[in-house]
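*Asks:* Pasting in a structure now, in structure tokens, and then I'll have a few things to ask.
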Amino acid sequence: MSFIMSSLRNLFLSPLRSFIQKDFHDAFDSMTLLDKLLFMMVHFVDKLILWHRLPVFLGLAYLAARRHLHQEYNLINVGRTPTGVRSNPEDYPYRTADGKYNDPFNEGAGSQFSFFGRNVMPVDQHDKLKKPDPMVVATKLLARKNFMDTGKQFNMIAASWIQFMIHDWIDHLEDTHQIELRAPEEVASECPLKSFKFYKSKKTPTGFYEIKTGYLNRRTSWWDGSAIYGSNTEALKKVRTFEDGKLKLSADGLLEQDENGNIISGDVRNPWAGLLALQALFIQEHNLVCDTLKKEYPKLEDEDLYRHARLVTSAVIAKVHTIDWTVELLKTDTLLAGMRANWYGLLGKKFKDTFGHVGGSSLGGFVGMKKPENHGVPYSLTEEFVSVYRMHQLLPDTLQLRNIDATPGPNKSLPLTNEIPMEDLIGGKGEENLSRIGYTKQMVSMGHQACGALELMNYPIWMRDLIPQDVDGNDRPDHIDLAALEIYRDRERSVARYNEFRRRMLQIPISKWEDLTDDEEAIKMLREVYGDDVEELDLLVGMSAEKKIKGFAISETAFFIFLIMASRRLEADKFFTSNYNEETYTKKGLEWVNTTESLKDVLDRHYPEMTGKWMNSNSAFSVWDSSPEPHNPIPIYFRVPQQ
């Protein structure tokens, strides 16, 4: 009987297989019948380059189908999974210092020094680490020629925010062995550094037969606010006051310093003034939550206040990222609806506020689900996730300081007073200059300045001669060329190059440079570096060159990693699902999260005059003197994207 069914299935699917591009035949053959049908739908839409032009409800259906396929075929575990060991969830109704015990079936999942997972299988590039030379790629294709910005869409607070998230999520453990890159003669005169030394990523045996070695994450992978709390007990002790649950913060609202002059915060490595400002803001948020909870529940002691406030503050950060930052990054009605559905479900905020979480993740959202969902793969962030978050082009060459004493002009615009080179805003210098500038002026200035665009030839030159720091925030002696290093890192960590990356993410690969971009100068330089071999194209270069979807500040290639991993950060975490309740957060704490909708709400709590006086835009992440978006009377699911 099974033979007959198999024959009938093959008879039905054979004609369909001929429609599918050959790149996907092996993947298609490995799929279940339902997944094959979903893939056919996705592939058909991809061939027509259509999904982002569909009415919103159809675009959401496409993204739901694609996300399902990625959840089935693009979540790959690295390392062993423990068997027969289970912790009691009731023993850990709080976020631990190192991220352990979130998953009762795998205590180490997402914790400090757990493995980075994979979205696609590793592609060994040991024999191609310098082909083409990373410094040639950086010089000819990445280095900034003329600054390109994002217009009014995305500002410097938005650029700072993503570094704030990176300091929460990811940092590879390094080896003790240094290696050196030297600039080839053809580009040496254009390279700020003729050579530079750096530490290799530390390879660690996994104890597993399929992927034998992997890389460890020095930060916790959970959305747990570790940028302000740290990723272990030692770091947490440094930031806590041990009074009323609070964290250390100076009287001027900026970060405190230790006896060595280093900042006191959860993660102190490689900061700049924008990151420091956000760390300080959310320490203020944590401390205000503590005050509020203490007033509401006088019997709560220091440890309980800290634990509840951390849960609340981490959830506020996750919510702001989900329904505010990402919505501005992917500025389309489809993604506005999609990101809000991640948090509130398709039934929407009003329904959820009234009736609670109803239905599964689609109708009710990931937040508040009855139990976490990891799709059978232990939670981690992935090597590919790290790669698509390489966004240093967002940073400009200078920060434009505004005169906050002047009377705001049209759209609350402010005159420019002076510009500070970005080199003076990183590390210890950045901390000193932030103190001189003052918090309000720093935030308002960042709010009024557009950030850089994620394009070819827009990587900051000043980042090609950069002083990196160690994990304690101390400057290292060897400067680095970060643009070249990022190319090397992807190859070193066996991340697939652009075309293979797309294939394995079920995206149609390019066959010629013209498929990637219409820019003739870019095509000329791509040929100069890679010849006509599109398979050699590095991932970062391809994502920078790729034609952008209207409204997207990132490439579609990067977005599909976002699609799966943004959902995963919420749905796999018990504190956003089964434990997202009054018992865990307290009634007042849960109310705090549920009534926070944006970064503007957070700013208004701590700097009540700031947004009212100087912000004209809808979001604190778009340029502040931009016009508010007009009301659209058409229900969002029935809107059609403007071409």
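Numbers run from 1 along the shown chain.
Heads up, the Cβ atoms here are built off N, Cα and C, so glycines get one too.
From Swiss-Prot, for reference:
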ACT_SITE  H167  active site, proton acceptor
BINDING   D168, T220, W222, D224, S226  Ca(2+) binding site
BINDING   H172, H392, R489, R493  heme b binding site
SITE      R269  site 'Transition state stabilizer'
*Asks:* Cα distance, the residue listed as 'active site, proton acceptor' to R269 (site 'Transition state stabilizer'), nearest Å?
*Replies:* 8
*Asks:* Which chain neighbours of the Ca(2+) site, leaving out D168, T220, W222, D224, S226, have a Cβ atom within 8 Å of the mean position of the site's Cβ atoms?
*Replies:* R95, G99, G110, W169, R219, S221, W223, G225, A227, Y229, S231, S314
*Asks:* Would you find the one among the recorded positions H167, R269, H392, R489, R493 whose Cβ has the most company, meaning other Cβ atoms within 10 Å?
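*Replies:* Comparing the recorded positions H167, R269, H392, R489, R493, the most crowded Cβ belongs to H167.
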*Asks:* Pop the Cα-Cα gap between R489 (heme b binding site) and D224 (Ca(2+) binding site) into the table, whole Å please.
*Replies:* 26
*Asks:* Within 10 Å of S226 (Ca(2+) binding site) (Cα to Cα), which of the recorded positions H167, R489, R493 do you find?
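*Replies:* Of H167, R489, R493, within range: H167.
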*Asks:* What residues, ordered by sequence, lie under 8 A Cβ-to-Cβ from H172 (heme b binding site) and sit at least six positions away in the same chain?
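*Replies:* Expected: F116, S201, K202, Y215, L216, N217, R218, V386, R489, R493.
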*Asks:* Within 10 Å of each Cβ, count the other Cβ atoms, then let me know which of the binding-site residues D168, D224 comes out lowest.
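*Replies:* Comparing Cβ neighbour counts within 10 Å for the binding-site residues D168, D224 gives D168.
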*Asks:* What whole-number Å value do you get for the CA-CA distance of D168 (Ca(2+) binding site) and H392 (heme b binding site)?
*Replies:* 17
*Asks:* Determine, to the nearest whole angstrom, how far the Cα atom of W222 (Ca(2+) binding site) is from the Cα atom of H392 (heme b binding site).
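*Replies:* Spelling it out, the Cα of W222 (Ca(2+) binding site) and the Cα of H392 (heme b binding site) are 23 Å apart.
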*Asks:* Rounded to an integer, what is the Cα-Cα distance in Å between the residue listed as 'active site, proton acceptor' and H392 (heme b binding site)?
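*Replies:* Rounded to a whole number, the Cα-Cα distance is 14 Å.
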*Asks:* Can you give the largest Cα to Cα distance in Å, as a whole number, for the residues H172, H392, R489, R493 that bind heme b in the record?
*Replies:* 19
*Asks:* Are there any residues in the same chain, six or more apart in sequence, whose C-beta is under 8 angstroms from the C-beta of T220 (Ca(2+) binding site), and if so which?
*Replies:* D98, G99, G110, S111, Q112, D168, S226, S231
